[in-house]
Amino acid sequence: MATENEPGRCHRRCAQEGLDVPKVPETHSDGDITRRGSVCDRHCAAINNVQGDLGCHQHHLRGHAAVSPALCCQQHSEEVCESCVVKTTLTAENAVEANKLSNNYKFGFKKWKSHITARPWEDRSEIVKELYSDLNVIRGPGGSTVTCGNVLYLLLFGWWLSLLYVLVAAGMFVTVVGVPYGRLCWDLAGYFLWPFGKVIQKTESPKSRQALDVREANTESSALLGGPTPHRWDPRCWVDEGYWQRAGTVAWLCLGYPLLALAHGLVCVTAWLLVFLIPVAKLSARTAVRVLLLPPECVRVCRLRMTEVPLDGEVILCCYRAVNPYYYKYAVDGINVFAVNLLPLVLVTLVLGYVDSHNQLTSSPVKFTLALLSIMPLSYYIGMAIASISAQSNFAVGAVVNATFGSITELTFYITALIKGSREGNRCYAEIVKSALTGTLVGCVLFVPGLCMVIGGIRHQEQRFNSRSAGVSSALLFLSVGGVFAPTLFSKVYGKLVCGECHNVTQNPLGHYLCHNCHFDLMDNNGTLYYSHVQPLVYTVSLLLPAAYLIGLFFTLKTHSHIYDIHISDCHMPGHHHSAVVHWSRWRALVILLLSTLCMSACADLATEHISPILTNSTISQYFIGVTVLAMVPELPEIVNGIQFALQNNLSLSIEIGNCIAVQVCMLQIPILVLFTIFYPTNFTLVFSDLHVYASMFSVVLMNYIFMDGKCDYFQGTVLVMVYFILLAVYFFAPSPSGC
């Protein structure tokens, strides 16, 4: 989590101390002020070196930061006060998290919000601690248990689960030997109808109680208290030697338990997939593996207000509410619960796609939808793997991994689509790829930052960002857009306009003609214009754009890295050091990265294999399908990261997410596609339609105008989002491209 030193607070402290405070330049949320090589830096450095422990303490024992503005104001001159307020300090629990936070601010590196190491339990909020707690804690008296979430449980699971327990109880009563289990099922029927405000306890069996009394009689007395030494209850005491050989237990395990375990398994899976009902999943899982395997005489169901936990008892289940809206934060081994739940979808997609090749089980549109949805969790796993490897490696390895796999999701789909179009001789696939490229560019320039501004503006009235770092990305965007569309503009100037058919509207030879399917022909005179002029220009641009990208990396990461002005805290108080417990080691992250990339290739192949019926039978323009579904679905994990950064008032990273993706589209993905066409000839040419050119250029100009002053609010974000939807409307009503 990023924190910053506030100029206003520093000014107020200086004013209270009676100091004359000069006007401090306006500071953005991530330190957008030019560094000053003055005596002030030496003063602050000296303070940080001498009072390192104090700095660590001020940041909740989680890391050392630059000296606080108030302390700087009290001990040094006005110049010191002005410099200390410009620094941005990022606190981290360990060195690995510090590397990840630092990588987030590096140009060309994937921005990742979630933790890649296990957070210390004491540093977590009470809300998060509740998510991971077991349902066996009795709390004090609270509000009513009649809530909307609990009523939803009753409608979805409670009534039929209770009815099933009643039927099983009747069956166990019929067996005679299973009467104790029948009584248990009868009690559990009332419990699962409405489990809220009730407790399931584990008590000692009578035989265990008698054996314990014998042991207590032979126990030596305490010399200090003058009585017997208190015993500690043994949780294994209920398992007597003949329990599993009882006739009632055998009847229960054969007749009652399998049916109830199956029902609870169904409830557990359903509630887990619904995410917000995970407490119900925990309730069912613990019942199936714990409660139903206990001897019936050891299980006690009672209401919460009448419950007093005895010394020889144990609380097994105690649930208060069925729905918790904060379970979207829940993670399994560092993986968000939504990504975990979507992982089986990938397996279903691959099995259906390659086993049912003749569409006997499902249709092509269904397979295309499943393949497209499977790309979302795979993008998440690829992003987390890249962040984990980069944070645990040096800069060179991190840069190589980000450059190699940073755009693998989009490139996999584009290349498979171009290969299929080349095999079928269908130019429509090349046009779809161009639409997806343009859609990604426009969406990341307008929709991603605009949506982050709107959502972040709901919590923060005005948000600031580093205009200098955003200016670097904007300059690269201008350069990349100009380079990408240079061959298109060249063909418009020197190409020959050819139309499919023309009709005379006025029936006059000199009158007006209405022409359809007009385009600039680059193959006139045996392709002289294309092969002699346009193609060399395409190759030149494809070499210059990656070179410009490398120069931008060198500028932002080496020679002018101070424009970010980021300081990562790297010390801990003695006795409070937290070692880094990474969720994924480097080798594990590498294996997951390779497997996710392989599955991504398979899903992309299935998506392109089954997109043809959608393109031919759909009444929607192929332009619209390309710029929306194919362009933005793979970017959903990045959009979620941007929203999370904006909610924490870190809009700089939200903007950088969109800008970096847009820059990579123009400076890396398109040159790679051009290079691919050299070795594998396809129908892809770097000549876009007029609609793509105008939409992209207008989007970049508008974005630079909005980001000019380094601050924004929800209104400016609304403007960007509305312009994006207007462009989508234009694509929706536009005719399909030629060749489709």
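Note: Cβ is positioned from N, Cα and C throughout, glycine not excepted.
Taken from TrEMBL, the feature domain 'Inner membrane component' applies to 148-198.
Under the heading transmembrane segment, TrEMBL lists 151-174 (among others).
Counting only same-chain residues 6+ beyond the ends of the transmembrane segment (250-278), those with a CB under 8 A from a CB of the stretch are 131, 149, 152-153, 156-157, 161, 164-165, 168, 171-172, 175, 177-178, 181, 185, 284-285, 287-288, 292-293, 322-325, 327-328, 330, 337-338, 341. Taken from TrEMBL, the feature transmembrane segment covers 250-278 (among others).
Beyond the ends of the transmembrane segment (335-354), by six or more residues, the same chain brings 114, 272-273, 275, 278, 327-328, 361-362, 367, 370-371, 373-374, 376-378, 380-381, 384, 583, 599, 602-603, 606, 609-610 to within a C-beta distance below 8 angstroms of the stretch. The transmembrane segment annotation in TrEMBL covers 335-354 (among others).
Under the heading domain 'Sodium/calcium exchanger membrane region', TrEMBL lists 366-485 (among others).
According to TrEMBL, the feature transmembrane segment maps to 395-416 (among others). Using a Cβ-Cβ cut-off under 8 Å and counting only residues 6 or more beyond its ends in the same chain, the transmembrane segment (395-416) has close neighbours at 103, 108-110, 375, 378-379, 382, 385-386, 389, 433, 436-437, 440, 553, 557, 593, 597, 600-601, 604-605, 607-608, 630, 634, 664-665, 668-669, 672-673, 676.
Taken from TrEMBL, the feature transmembrane segment covers 436-458 (among others).
Marked as transmembrane segment by TrEMBL: 470-490 (among others).
Annotated transmembrane segment per TrEMBL: 537-557 (among others), in sequence order.
The transmembrane segment annotation in TrEMBL covers 589-608 (among others).
Positions annotated as domain 'Sodium/calcium exchanger membrane region' by TrEMBL: 589-731 (among others).
Note on the transmembrane segment (620-640): residues 111, 113, 372-373, 375-376, 379-380, 383, 409-410, 413, 428, 431-440, 442-444, 447-448, 451, 614, 657, 661, 691, 727-728, 731-737, 740 of its chain, located 6 or more positions outside it, place their CB under 8 angstroms from a CB of the stretch. As annotated by TrEMBL, transmembrane segment applies to 620-640 (among others).
Among the features that TrEMBL reports, transmembrane segment is placed at 661-680 (among others). Within the same chain, residues 108, 403, 406-407, 410-411, 414-415, 418-419, 422, 433, 437, 440-441, 444-445, 448, 473, 476-477, 480-481, 483-484, 538-539, 541-543, 545-546, 548-549, 552, 635, 638, 686 sit at least 6 positions outside the transmembrane segment (661-680) and bring their C-beta atoms closer than 8 Å to a C-beta of that stretch.
Positions annotated as transmembrane segment by TrEMBL: 686-707 (among others).
Here TrEMBL flags 714-734 (among others) as transmembrane segment. Residues 435, 442-443, 446-447, 449-454, 456-458, 620-621, 623-624, 627-628, 691, 695, 699, 702-703, 706 of the same chain lie 6 or more positions beyond the ends of the transmembrane segment (714-734) yet place their CB under 8 Å from a CB of it.
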Can you tell me which parts of the same chain pack against the transmembrane segment (686-707), counting only residues 6+ beyond its ends and a CB-CB cutoff under 8 A? 434-435, 438, 441-442, 445-446, 449, 465, 467, 470-471, 474, 477-478, 481, 484-485, 487-489, 491-492, 520, 522, 534, 538, 541-542, 623, 655, 670, 674, 716, 719-720, 723-724, 727, 730-731, 734, 737
Sequence-distant residues near the transmembrane segment (436-458) by C-beta distance (under 8 Å, 6 or more away from its ends) are 410, 413-414, 477, 481, 626-628, 630-632, 635, 638-639, 642-643, 645-647, 649, 651, 654-655, 657-659, 661-662, 665-666, 669-670, 688, 692, 695-696, 699-700, 702-703, 712-721, 723-724, 727
The transmembrane segment (470-490) and the transmembrane segment (537-557): do they have three or more Cβ pairs under 8 Å, with pairs 6 or more apart in sequence? yes
Is it possible to list how many residues within the domain 'Sodium/calcium exchanger membrane region' (366-485) are helical, extended or coil according to DSSP? 104 helix, 2 strand, 14 coil
Beyond the flanks of the transmembrane segment (589-608) by 6 or more, those residues with Cβ under 8 Å of it: 346, 349-350, 353-354, 367-368, 370-372, 374-375, 378-379, 381-382, 384-386, 388-389, 392, 405, 408-409, 412-413, 416-417, 420, 429
By a Cβ-Cβ criterion of under 8 Å, what residues six or more beyond either terminus of the transmembrane segment (470-490) are in contact with it? 107, 441, 445, 533-534, 537-538, 541, 544-545, 548-549, 552, 555-556, 563, 652, 655-656, 659-660, 662-663, 666-667, 670, 685-688, 693, 696-697, 700, 703-704, 707, 710
